[in-house]
Structure formats: C-alpha cells, structure tokens
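Colleague: Dropping a structure here in structure tokens format, bear with me for questions.
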Amino acid sequence: MNIVSTLLLALAMSADAFAAAVSKGAMLHRPRIIEALRTGMIFGVIEATTPLVGWSLGRVAADYVTAWDHWIAFSILAFLGIRMTWSGLKHDGKVVEKSRSHSFILLAMTALGTSIDAMSVGVSLAFLDIDIVPVAFAIGIVTCIMVSAGVMLGRVLGSASKHTVEIIGGLILIGIGSLILYKHLYGAA
C-alpha cells in the first residue's frame, strides 16, 4: 500500500473512535490535554492492535472471523450505548458533577467496540499479502490524534447537562454499532 492509501485507511478506521471520543470528552468536567492524550493513547493502541490480530486470524481462520466480527462490535457498542443512555435517563433531578476522567476499562471497551472494523481490515489485508505493521502503526497514530482532538472538541460541546450528553453519547455508540452491523449484513458502503 502506498502512503496515501495507508493514511486514507487510517482516517477511515479512526472515524468511529473520533465520534465516541467527542461524547466521552463532553461527559468530562473540562478535560485537560493530558486526559485527551491518555484517551487518545488507549484508543490508538487498541486500534493499532486489532488489525494485527485480524491479520493474524486472517492467515488462519478468515471465514469464521468475518462471519462474527460485526456482531461482536455491535454487541459491545450497543451494551455501552444502552448503559450510557440508561444512566442519562434515570437521573433523579440532582445536579451531578462531571468526572475528571473515565476509567481505563470504560475507555478500553469503547475503543475495542469502535475498532472491530479495523480487525476486519486486517483480515482483508492478510489475503492481499500486505505488510501489516506500517498500516497498523498509521492507524494507531491517526486514531490517537483524532481521539485526542475529539475529547477536546467534546469539552467545547460539553456545556449541555451531563445527562443530555450521556443520552446523546449512548445513542451515538448504539448508532455506530448498528451501522457496522448494517454494513456487514447488507453489504452497504
């Protein structure tokens, strides 16, 4: 793959993570650059790892992986989205302080859910005999940058109440998961 194709692929793979990061940033109380970079690093490492895993699995069991990857992504994102939406809907009218950071587990689960499509790309690249390491590295770096920017953009958009942001963020995650599932089931671009 040439550099332009690699960068375009990396941008495409980071789009879901960017959208999730905006909602994560909006839920935080004035996230600082360090929190944005921490979130970006978590997403970037996971997003870079999944095409490597996909490429490895593609060498061994492509049919099985591609048959289930979209269901895994949908399940993770739907679970997280429903959890966020429920949390936003069940508030009891009390003003809730926004937290200063998200837990590692929550960020890693969200990153994993948004990176399952990168695993599929890894499977596909295994059949094309493409060196996966530079591609995975580019995906990780671009995702780290996009997610860090997304968290900071979420800070700007985060003036809405925490509950509204949780509901919107949850619906975004459910939407991303549903779109991944739809694309795989119906072959939409």
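Here the Cβ of each residue, glycine as well, is placed from N, Cα and C on the backbone.
This is the feature table in Swiss-Prot:
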type: TRANSMEM; residues: 3-23; note: transmembrane segment
type: TRANSMEM; residues: 41-61; note: transmembrane segment
type: TRANSMEM; residues: 62-82; note: transmembrane segment
type: TRANSMEM; residues: 103-123; note: transmembrane segment
type: TRANSMEM; residues: 132-152; note: transmembrane segment
type: TRANSMEM; residues: 167-187; note: transmembrane segment
Colleague: How about long-range neighbours of the transmembrane segment (167-187): same chain, 6 or more residues beyond its ends, C-beta under 8 Å?
Modeller: 16, 19-20, 22-24, 26-27, 69-71, 73-78, 80-89, 110, 113-114, 116-117, 160
Colleague: Most CB pairs under 8 Å with the transmembrane segment (103-123): which of 3-23, 62-82, 132-152?
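Modeller: Most Cβ pairs under 8 Å with the transmembrane segment (103-123) come from 62-82.
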Colleague: So which of 41-61, 62-82, 132-152 has the most C-beta pairs under 8 Å when paired with the transmembrane segment (3-23)?
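Modeller: Answer is 132-152, with the largest number of Cβ pairs below 8 Å.
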